[in-house]
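Chemist: To start, I am sharing the structure in question, which I have written as structure tokens.
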Amino acid sequence: MSLAAILVTMLQLALCSIAVATNSFPDFQLLNVNETLTGTKMFKPLGLSETDDHRGKWNLKLVHRDKLLSPNDSSTLHNHGRRFHARMQRDVKRVASLLRRLPGNGTHDGDAAYEVNDFGSDVVSGMDQGSGEYFVRIGVGSPPRSQYMVIDSGSDIVWVQCQPCNQCYRQSDPVFDPANSASFAGVSCGSSVCDRIENSGCNAGRYCRYEVMYGDGSYTKGTLALETLTFSRTVVKNVAIGCGHVNRGMFIGAAGLLGLGGGSMSLVGQLGGQTGGAFSYCLVSRGTDASGSLVFGRGAMPVGATWVPLLRNPRAPSFYYVGLSGLGVGGVRVPISEDVFRLTELGYGGVVMDTGTAVTRLPSSAYNPFRDAFITQTANLPRASKVSIFDTCYNLSGFVSVRVPTVSFYFSGGPVLTLPARNFLIPVDDMGTFCFAFAPSGSGLSIIGNIQQEGIQISFDGANGFVGFGPNVC
């Protein structure tokens, strides 16, 4: 391939990561090793003043949790390897938690019973859930108190830690005190909202209580309430939130969780007609000082995106499933049966898009030939020992850039998503060790993680049942 062709290919990848035709995308691209490593070393935390949003009506700034590290925590702040290993530890816990919640968890499809998760059991524990990778800053109460909230596309819950706080984990902002909010109203025990919560009860015979226990000993307990939330310049009244007075675990630094799942109790479900069941996000790429965005409403739906149908799993309604038919390396489709990715009528298997999982997981029957195809086409690169959950790593120290094969998702119906190189070959330390950023799931479930979503506009049109990729990058 000529130099001119290479430059054209790189420009096309930078402008748009979507190729709709099944065989029109390039077979390789260049990974800028120096630039990627420089980004890990120039990492700096985000100040509180930088996180308050004054964007559009429904437009929120989205930041990775590492940007909230304290400047005093220099051992982690300036050590990419340490941040990476902490992220992988969270990720392992996150995936284990998802496998316990979804049908067919474990290594054999369909062997495990599924327990329905509603508002209460979707309250997420950091000990159990692990990740909490991306945060937004919203106002809670009247007058609004700014709070960091974890976004989670796999949860149907909005909740915050509340005073009086009998037991709470550490968070960046003062714990929300409902006594100082003119709009806080406890939900009565006889409310239809309370009836939808598992393990609900009554506090003092009046207010709806929720209580969620986890197998690892973490939990959250509190009162269900209606409260006003402020998103940039938009004020939304009477949002059902959990007000947690006794909490263990959760996402250190955040005040609570903003559930964006497909159920009626998620923020998206509660906003309903105000946003038309639509939202869009751009997860900022690692090693940059830019911030991502989270935008609600039909106005956020882009023109020119490649749209893929969402699949519904009645046994896991919170999650966004997509139809995946195959994987490609270097412009060649890897021989993997489509059945590996199929969501069965019983709700087993399938492919979930998740903001809380970092690394894409694939069943071993898909991961192994996919990885082997990548190894075959990178035989010229020096290998390194496996790191953490990654079994395919390379020693790229001393390289300015390297030629790598393209990696693509083939979605059902024809669309193809070709990833930027930085979304599948990532640095795991400051010394030039890069790893193939996929891992086996240990089950029949596939999860498209946030590393693979970074830098690409992702749009969910829940009302019409589609998810869009592109056309914008971030």
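Using the three backbone atoms N, Cα and C, a Cβ is placed for every residue, glycine included.
Heads up, here are the entries from TrEMBL:
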SIGNAL    1-21  signal peptide
DOMAIN    134-470  domain 'Peptidase A1'
ACT_SITE  Asp152  active site
ACT_SITE  Asp354  active site
Chemist: Report, in whole Å, the straight Cα-to-Cα distance of Asp354 (active site) from Asp152 (active site).
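Modeler: It is 8 Å, counting Cα to Cα.
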Chemist: Quick one: give me the count of other CB atoms within 10 A of the CB of Asp152 (active site).
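Modeler: Taking every protein chain into account, the count is 27.
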Chemist: Taking the domain 'Peptidase A1' (134-470) alone, what is its mean pLDDT?
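Modeler: Taking every residue of the domain 'Peptidase A1' (134-470) together, the mean pLDDT is 90.
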Chemist: So what sits near Asp354 (active site) in its own chain, CB-to-CB under 8 Å and at least six residues off in sequence?
Modeler: Leu98, Ser153, Gly154, Phe319, Tyr320, Ile447, Ile448, Gly449, Asn450
